[in-house]
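Presented below is the structure to which this report refers.
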Amino acid sequence: MRKRTEPVALEQERLVALGSPSSGVTAPVLDADCRLKRNLRLAGKAPAEPRCAADAGMKRALSRRKGMWFQLRKILLCILGLYIAIPFLIRLCPGIQAKLIFLNFVRVPYFIDLKKPQDQGLNHTCNYYLQPEEDVTIGVWHTVPTVWWKTAQGKDQMWYEDALASSHPVILYLHGNAGTRGGDHRVELYKVLSSLGYHVVTFDYRGWGDSIGTPSESGMTYDALHVFDWIKARSGDNPVYIWGHSLGTGVATNLVRRLCERETPPDALILESPFTNIREEAKSHPFSVVYRFFPGFDWFFLDPITNSGIKFANDENVKHISCSLLILHAEDDPVVPFHLGRKLYNIAALSRSFRDFKVQFMPFHSDLGYRHKYIYKSPELPRILREFLGKSEPELQH
């Protein structure tokens with residue numbers, strides 16, 4: 001009987017050692033085995049992870065990927081929803097489109113005191129305020145020619161006003177959207193023009209900078225008209241030229257058309273980076289690229305501009321202007337495409353209103369890198385202005 005039970009006992013011991021599932025005492029052995037493997041792993045001699053652990057790791061990785069894809073999908077759906085909602089929002093609220101055109105709420109550079117133009121390196125500039133209408137006040141800078149730099153130190157507003165009657169011509173500068181009259185590229189242009197012997201008078205339209213009022217195309221034009229009349233009342237027989245840049249070209253042609261209709265035209269009009277009209281400019285603007293092929297683009301984006309009374313129709317205005325015209329445009333302009341400036345020139349050159357005046361288009365090669373607002377850097381600019389403004393005989397230049 002003992003001989004028959006001995007093999008059975010030996011078999012049970014073997015099964016326990018192998019961890020047979022038929023045994024009820026396998027757990028302590030497996031725990032010991034796990035402790036052994038853990039010790040070997042800490043010693044850097046552990047065997048490969050069990051298949052079950054690899055599967056668990058793979059499941060965790062897949063779970064993380066699914067979570068990331070879910071988050072990405074949510075973000076993409078939000079972007080798509082916003083992309084679709086914006087056109088409807090602009091259509092329902094045309095004032096948004098007007099804000100995007102004027103950008104008068106963008107004040108760059110920040111933290112400058114417009115009452116102190118000397119802080120921007122304009123030590124021969126006086127700041128004062130004019131009131132075109134009731135409840136409207138506009139801030140004005142008047143920079144005298146550089147040759148008067150020393151004389152101008154410490155002088156008051158009356159001296160600057162009297163200086164306009166000197167023999168130096170005057171340029172009324174109308175800036176574009178965004179920023180103020182103290183913008184960096186604008187200040188640099190004032191310095192260039194001042195060094196060439198010009199008075200430079202510039203201002204912030206109502207709603208820009210420290211000027212008070214609500215911006216609109218008609219209001220901006222009236223502000224420019226008021227400043228022009230203010231200059232003419234003090235400048236005597238000195239030539240007065242009007243220079244508009246970007247959106248300011250729309251104000252400039254509105255102004256000059258009105259001046260020509262009342263038979264008091266300026267001595268010349270200079271347009272830097274002009275467009276044909278605000279609809280074509282809005283359609284060509286880099287901000288519109290993502291919506292250019294959106295169904296109903298004109299209805300969603302362009303019609304609200306027109307419905308807001310914003311046209312800046314340079315192409316129509318030049319047909320009613322009777323004074324010399326100079327157009328400056330850089331081929332690499334990313335904001336107002338070069339072809340719009342060329343198109344405006346072609347319209348003006350064929351207009352009968354210019355038959356007794358010279359019209360000139362001056363392109364700047366893209367290699368120069370002048371883009372939208374750096375034409376003032378051109379070493380050729382003094383010569384261009386001297387030749388254009390210095391000629392008295394009517395001439396059409398191509």
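Along the chain as shown, the residues are counted starting at 1.
Here the Cβ of each residue, glycine as well, is placed from N, Cα and C on the backbone.
Whatever TrEMBL says is automated annotation, not expert-curated.
Listed by sequence, the residues of this chain that lie at least six past the ends of the transmembrane segment (72-90) yet keep a Cβ under 8 A from its Cβ atoms are 96-97, 290-291, 294, 296, 300-301, 304. The transmembrane segment feature in TrEMBL is assigned to 72-90.
Taken through DSSP, the domain 'AB hydrolase-1' (169-274) splits into 46 helix, 22 strand, 38 coil. Feature annotation from TrEMBL assigns domain 'AB hydrolase-1' to 169-274.
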